[in-house]
Amino acid sequence: MILSKEIKYFFIIVVIICTIAFSVTIPLTQLGIIKYGSPVFMIFYGLSGYSPSIAGLLVKKKFYSKSEFKAFLRSCINIKKSFRDYLYVLITSLILWSIPFIVISFFKEHKVLLNSPLIFLSWITPVMIFGGGLEEIGWRGVLLPKLLCRFSSIKSSLIIGIIWSIWHIPLWFISGSPQQELNFLPFALSCIASSFVLTFIYTQTKSIWLCILFHALDNACSYIFTYSVDMHIIISVITALVGLFILKFSNNHLKTKIS
């Protein structure tokens, strides 16, 4: 696959930013010089976390006209969407998390827990817009449209899902990070599952804002639904299959609007 100039530029920026940030957070937390969550740590942690959005904005600024760049920014912040669009984002996110919840609860007692009431999503989700959601400026705002010009929606979703999960790997080397308590394979499968759904949201709405919202809601659900460690692989496989089904089903019943 020959990468376009925009994609090369995007990845170069992401790699440079992450290299700088993780060169600080990984060794200094492992040496005990700074702690996970400290002010200094959060500066560099935030820098790496916002690398896709920073890269996405720089790509749009460099390779597109002023009017196109402004239109892109509007798509990131335009919250004036139909009730149906918002309902779809909410329902799809809950489906991704609740179906594995129901399946595992049916076969295994006390393996799945509803950690907090669902109403908590109303305040966790806005926080998660800044705790992951804004990544979509890069992933779905810049990378996905370019991939869709060459590949099917399913293949594009797989490519981004894999890249997305690999991008998170350095977090496992930060001392004190929540990722150190997780198995990478289930996490990667959950990234792919979410990628399927995010592809559908983008192709149907062309709204980066709705992708940001779904990402935030998806992250918020991780605080609501808690699974036992031995169920993580099963849960993630089911979640990935559900995500694939949603994208495949949607593509078969709705006309995909890919420019």
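Start at 1 and count along the chain as shown; that gives each residue its number.
The backbone N, Cα and C atoms fix where each Cβ goes, glycine too.
Caution: TrEMBL annotation is automatic and unverified by curators.
These come from TrEMBL:
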TRANSMEM  7-28  transmembrane segment
TRANSMEM  40-59  transmembrane segment
TRANSMEM  86-107  transmembrane segment
TRANSMEM  119-137  transmembrane segment
DOMAIN    120-220  domain 'CAAX prenyl protease 2/Lysostaphin resistance protein A-like'
TRANSMEM  158-176  transmembrane segment
TRANSMEM  182-201  transmembrane segment
TRANSMEM  231-249  transmembrane segment
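Counting only same-chain residues 6+ beyond the ends of the transmembrane segment (119-137), those with a CB under 8 A from a CB of the stretch are 49-50, 52-53, 56-57, 76, 198, 208, 211-213, 215-217, 219-221, 223-224. For the domain 'CAAX prenyl protease 2/Lysostaphin resistance protein A-like' (120-220), the DSSP-based tally of helix, strand and coil residues reads 86 helix, 0 strand, 15 coil. Take the transmembrane segment (86-107) and the stretches 40-59, 158-176, 182-201: counting Cβ pairs under 8 Å, 182-201 has the most.
Packing against the transmembrane segment (40-59) from elsewhere in the chain are residues 6, 9-11, 13-14, 17-18, 20-22, 24-25, 28-29, 34, 131-132, 134-139, 141-143, 167, 170, 174: each is 6 or more residues past its ends and has a CB under 8 Å from a CB in it. Summed and averaged per residue, pLDDT over the domain 'CAAX prenyl protease 2/Lysostaphin resistance protein A-like' (120-220) gives 92.
Outside the transmembrane segment (182-201) by six or more residues, the chain places 88-89, 92-93, 96, 136, 139-140, 144, 148, 153-154, 156-158, 160-162, 164-165, 168-169, 172, 207, 210-211, 214-215, 218, 229, 232-233, 235-237, 239-244, 246-247, 250-251 with a CB less than 8 A from a CB of the stretch.
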